[in-house]
Amino acid sequence: MLLEFTKMHGLGNDFMVVDLISQRAYLDTATIQRLADRHFGVGFDQLLIVEPPDVPEADFKYRIFNADGSEVEQCGNGVRCFARFVHERHLTNKTNITVQTKAGIVKPELGQNGWVRVNMGYPKFLPNEIPFVAEEPEALYTLELANDQNISIDVVNMGNPHAVTIVPDVLTADVAGIGPQVESHKRFPERVNAGFMQVIDDKHVRLRVFERGVGETLACGTGACAAAVSGMRRGLLANSVEVELAGGKLQIEWQEGDVVWMTGPTTHVYDGRLDLRYFQG
């Protein structure tokens, strides 16, 4: 069968977006892995699925699958692209959209020239909300790594789990070495996204993220939210912060006790069709 799809990206964090309202398809783990292959498939960080909602207050259901085929709760760059996709495909004429995710409801607002502002919901910090194994809540935790190495982390759930550590320079940070250890650390029973943040000043940070089930990506929207919130909680950052990632910049806003707002661009790369039989087992 022919499957229609759209390739999009948010700051280089790239997606294959599939409308399963207007067409039907079964995409299992192995099929998703083959589609994600950058040499033999479409190639993407995440697969985004548009489905009818299960709850009356939502316009759409938004499902996210990593390149390894694992389903995750949230993707910030993805939800911006999702909002643009459903609007451009005329699945809705709304510019303020209510979207159901595994992590709850998010509310993207379409702006001009592909920019989207998203209400990302409330950040969570308690160990059982991450989830993270700890005897009691603390401002910072020490994580033991290989070769007697320790790092200090903050933990934040932005719909998916994040560990944030501050580094002197993101360019020299050992993301490739430390990232996989943090991602699969035994204290994170559902694994975690590992963020490495450099504070430039109180309104500007640089960030690299080693994403759960993907590896390092050019940008991570929920990672930017988690890093900014972590810095704000530590008293290092103002309530509105520019987060600079390899793929570009996001603006993150947060007040204690309120929801997190993320604003950033989206890019529609191309539309395509493929014969799904070639990617199924």
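Heads up, the Cβ atoms here are built off N, Cα and C, so glycines get one too.
Annotation comment: Swiss-Prot describes CYS75 as active site, proton donor. Listed in sequence order, the residues of the same chain lying 6 or more apart from CYS75 (active site, proton donor) and placing their CB within less than 8 Å of its CB are ASN13, GLN46, LEU48, ILE64, ASN160, GLY221, THR222. Classification of CYS75 (active site, proton donor) by DSSP places it in coil, neither helical nor stranded.
Around CYS220 (active site, proton acceptor), the same-chain residues six or more apart in sequence whose CB sits under 8 Å from its CB are ASN13, GLY76, ASN77, ASN193, GLY195, LEU207, VAL209, GLU211, LEU245, listed in sequence order. What Swiss-Prot records for CYS220 is active site, proton acceptor, and it gives sequence analysis as the kind of evidence.
THR222 (substrate binding site) falls within a helical segment according to DSSP. Sequence annotations record features per position, and here Swiss-Prot assigns substrate binding site to ASN13, GLN46, ASN66, GLY76, ASN77, ASN160, ASN193, GLU211, ARG212, GLY221, THR222 based on sequence analysis.
Secondary structure at TYR270 (site 'Important for dimerization'), as computed by DSSP, is strand. Residues within less than 8 Å, Cβ to Cβ, of TYR270 (site 'Important for dimerization') and separated from it by at least 6 positions along the same chain comprise THR6, LYS7. Among the features that Swiss-Prot reports, site 'Important for dimerization' is placed at TYR270, with the record citing sequence analysis.
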Binding-site residues (ASN13, ASN66, ASN77, ASN193, THR222), the one with most neighbouring Cβ atoms at 10 Å: ASN77
Largest inter-residue Cα distance among ASN13, GLN46, ASN66, GLY76, ASN77, ASN160, ASN193, GLU211, ARG212, GLY221, THR222 [record-listed substrate binders, Å]: 16
